[in-house]
Amino acid sequence: MPQSGEDAAQRRPVVEERDLTEQQLGLRQAEERLLRDYIHRLVKQSPEYPNYQYLCKLCSVHIENIQGAHKHIKEKRHKKNITEKQEENELRALPPPSATQLKAVDAAVREVAAQQGISEEDFKVRETVVTRMEEVIKRHLAGGSLQLSSL
């Protein structure tokens with residue numbers, strides 16, 4: 001028996017609403033995946049890029065849609081930036097060095113400095129030269145300065 005137009009109209013929005021919910025679920029899952037790759041949905045539209053919905057915070061790239069985001073994820077630059085970010089995160093997660101490790105590094109630095117560093121006498125000579133040069137510079141350039149550094 002044919003149904004009245006009113007009954008069909010009432011059922012139709014329910015189906016569309018369910019489909020919309022499935023679409024929203026799919027969109028949410030896709031965006032969660034994008035977040036793992038540092039791609040965020042723009043909360044506020046950018047005046048420079050009004051048609052773009054996403055921003056890769058790792059590469060500072062505006063992206064128009066999810067398909068564009070997936071394409072961006074596959075790019076060499078993004079992959080390189082992801083690798084660097086992962087390495088940075090791993091380094092930040094390392095525990096601080098132990099006292100034994102600090103002593104070993106200190107000993108190694110002191111040994112290299114003793115072998116290849118300059119003597120105290122050489123340092124004083126260089127410091128004197130810097131002071132004299134700074135006086136000359138200040139005479140010709142008010143506010144100018146010079147600093148001793150090692151290369």
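Residue 1 is the first one shown; counting continues down the chain.
Heads up, the Cβ atoms here are built off N, Cα and C, so glycines get one too.
Features of the protein shown, as given by TrEMBL:
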REGION    1-20  region 'Disordered'
COMPBIAS  8-20  compositional bias 'Basic and acidic residues'
REGION    71-98  region 'Disordered'
COMPBIAS  71-80  compositional bias 'Basic residues'
COMPBIAS  81-91  compositional bias 'Basic and acidic residues'
DOMAIN    84-148  domain 'Terminal uridylyltransferase 4/7 nucleotidyltransferase'
(request) Go ahead and report the DSSP secondary structure tallies for the domain 'Terminal uridylyltransferase 4/7 nucleotidyltransferase' (84-148): helix first, then strand, then coil. (result) 49 helix, 0 strand, 16 coil
(request) Please spell out the DSSP helix, strand and coil residue counts for the compositional bias 'Basic residues' (71-80). (result) 8 helix, 0 strand, 2 coil
